Amino acid sequence: MADRLIVRGAREHNLKNVSLDLPRDSLIVFTGLSGSGKSSLAFDTIFAEGQRRYVESLSSYARQFLGQMDKPDVDFIEGLSPAVSIDQKSTSRNPRSTVGTITEVYDYLRLLFARIGKPHCPECGRPISRQSPQAIVDKVLELPEGSRFQVLSPLVRERKGEFVDLFADLQTKGYSRARVDGQTIQLSDPPTLKKQEKHTIEVVIDRLTVKEGAKRRLTDSVETALGLAGGMVVLDFVDLPEDDPERERMYSEHLYCPYDDLSFEELEPRSFSFNSPFGACPDCSGIGTRMEVDAELIVPDEEKSLDEGAIHPWSHGHTKDYFGRLIGALADALGFRTDIPFAGLPQRAKKALLYGHKTQIEVRYRNRYGRERVYTTPFEGAVPFVKRRHSEAESDASRERFEGYMREVPCPTCQGTRLKPLVLAVTVMEKSIAEVAAMSISDCADFLGKLKLNARDKKIAERVLKEVNERLRFLVDVGLDYLSLNRAAGTLSGGEAQRIRLATQIGSGLVGVLYVLDEPSIGLHQRDNHRLIETLVRLRDMGNTLIVVEHDEDTIKVADWIVDIGPGAGEHGGKVVHSGSLKELLANAESQTGQYLSGKKSIPLPDIRRPRDPSRQLTVHGARENNLQDIDVSFPLGVLTAVTGVSGSGKSTLVNDILYTHLARELNGARSVPGRHTRVDGDDLVDKVVHVDQSPIGRTPRSNPATYTGVFDHVRKLFAETTEAKVRGYLPGRFSFNVKGGRCENCSGDGTIKIEMNFLPDVYVPCEVCHGARYNRETLEVHYKGKSIADVLNMPIEEAMHFFEAVPAIARHLNTLNDVGLGYVRLGQSATTLSGGEAQRVKLASELQRRSTGRTVYVLDEPTTGLHFEDISKLLVVLSGLVDKGNTVIVIEHNLDVIKTADWVVDMGPEGGAGGGLVVAEGTPEEVAGVPTSHTGKFLREILDADRISDAASVKAPRKTAARKTAAAKSTTKKTATVRTTNNTATKKAAAVTKKTAPAKKTTRARKA
């Protein structure tokens, strides 16, 4: 078998005829600037060819069902293994997917519970078990010798009727006695039963005494009783008193609770699946949640009075007056005021306003002629009103409007567990499958490791437990110990989802595979990095080849082989700058990566931090969504704030689910519902909020940077104003490739034509009419400065910038695109070919070129994903530019280069999952570095100057919030007080720092200019 992976002549995307040899069974890191061609080489060339060759080996029939891979543009590749790619894009958004189902741990748990679980009755909680006739006889013979009992066969249990035929039938079969409603009767003289009452009838099969010789007769009697009653037998011990619970013993051949008359189906693994009708909760169909109206959203601000519109759905629009009259009539009927805050209303009034009032109320109003009119009506209440209007809504807009007052709440039937009550009553060591799935992965591993089983169960569970424990161990190893198995897959971050798939791959135990990974360290705190690296090394040691596209310094330093692609991005990249060991990379003068790793280049620390103004800040009060523990957090305005903390500590919940969603709802009129919190102060100080993420800027090849940023509209107008266009009567629409008129109709403005090949991959060929130009001949005859519209779309942005420098509207857009480091991207480059980092910078550029009010909040979630040290340096310049205009930038980040340049840091923690959700430290990076309990502070200490930390170390007050909060968890009042005082100390000290630094700040700004 070849010991090298040989690539020759790779020309995919911007690769310039790349040839390289890579060692097999090694950890290889591909690095380089964003857009330099790393993914083109790793994913679109090496992985695509490995996958394609495997698929080619299948029959043509099987191939048509598999996603076909295009043959990459490469001369040849040798030494390829079957390839598995683990990227971030293919995360499941299915609401039925959970961490347990993705990792298959839940499948093994279902098997475990189906085979060794102990069923209980969901009503009375008694254990249920099935017994064979022999087992029943053996149990009876264990009782004290001489105990007298009768064997009864229960034929009727609590059913109405006279049962005349049944008594006659029993007599003909030779039975002489029966027990009716607890009274023994002779069948020769049956009682007359009342037809309308419920009766219980048991026929007496035999009367016996416990002794060794009675075994044969007892077995026959029990078998007869079981046969008559469909698998049930009752033993009545006549010597015991009537009220003794041991007097009657019921046995069953099936899973059946005789006390509640519930019978159970045979337990199978599918009974525990919430994706199967056999196990799913019938009310929520296994989703676990339902949309319910939330009173908190109907009255978002309890300080408002009813006259000021406290009840939000009734406070605006043309129905405002109508509801005002209704509320006034209710106030008269119940005797409460409408001009005091909603919070001060009596409980009875609140209940009636929200949930309705049964008795009719008298409503008075004046019609348009000034006459007074009176009518009576029931008062519906805001909650039932929203529910009714939501269910009756005919348009999406109307439905969305009322969904804004609803929250997803756990299904009341299954309490969010997704399963039937019968299934939840099956336990292993007193825990149901839902309770095991709700544990964190580390707790679940501990629980399964400590299982105490009898010999039979141990034998059955042995292999299942081995599989589950291995999988759980791998999940812990990749730093996901804080996740629970029932966590919905849609709520995972890209990095978490990728590491879950990584753990699943290790669990599969394959050898000789080529794994291609895309930045597995995303979303991982420096503290957990070593665990991930150990996992990658273990995968390699099993005999696999790993190609990791990565910018993380620790991972690059551990690699056996490093490939640096560059030297620039886009047109300026696509070459192999370095392929070899770390030592050679550090000495390579041409490699940007080498210069940053060796310390020749670095991202500088700002000389001075922007001061924080205590009077201008956004404060979230009482944040308690997911794992947040009722915390108050302030974000100063007009500075760059970094929110840090280990994975799962609650950063995204705080910033995205609560702060951003609240601001989007208040300022942008969005309909989404923020996470649970008491209130947000300071939102009147900002007028817009923008969320810049790494999702694609468009999902169709027709979307491109020119159309996304809006610069294409100006370009089309410019072309329409040329003399030639005016002579021909062309309008700006003529120069669009999306509408009929100017576009080439043969390819509908795509420039390529798709030819379907059934079981071969679809082939895209350039359109033979326009030859890929997208426009018809007449449109292309219009020129500006000698270039057609197609030539302009094909220009790199830096070239277009000089071309259009005389046109301010266009130049402004292009300058911002160039400032964020996208000069190499072509104006008309399809959005689908842009990397995540590039898409994010296109969004940033389109925001940057808007006229700034200086009151905008920008929220960025891990903006350094996919960015090289050099790209991060450019990004920080852009973000500083936004802040210098007076805006506020809040970033969720693990990258220390970004954290060290921030003006303010909010560090969440101390751990992930249930161990997080508190603010461990807040202050400048120097202040956070001085906090011993902060994991982020520990790593900041290593990169900040020691004297800067010692100067700032005096501010330690806010750190106590986390410690105090856990101690004072029972006393809420105490809790809020702590936070307030700590904030005050921080504020005073920050103000003091501000005074000292103000003059110095001016000089740094001047130097910059």
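The chain as shown is numbered from 1 upward.
The backbone N, Cα and C atoms fix where each Cβ goes, and this holds for glycine too.
Residue ranges 146-199, 362-415, 956-1009 are listed, and Swiss-Prot annotates 956-1009 among them as region 'Disordered'.
The zinc finger annotation in Swiss-Prot falls on one of the ranges 474-500, 744-770, 798-824, namely 744-770.
Per-class residue totals from DSSP over the zinc finger (744-770), listed helix then strand then coil: 0 helix, 8 strand, 19 coil. Other Cβ atoms within 10 Å of the Cβ of Ser647 (ATP binding site), summed over all protein chains shown, number 26. For the recorded site, Ser649 (ATP binding site), the DSSP three-state label reads coil. Here the zinc finger (744-770) has a mean pLDDT of 85 out of 100.
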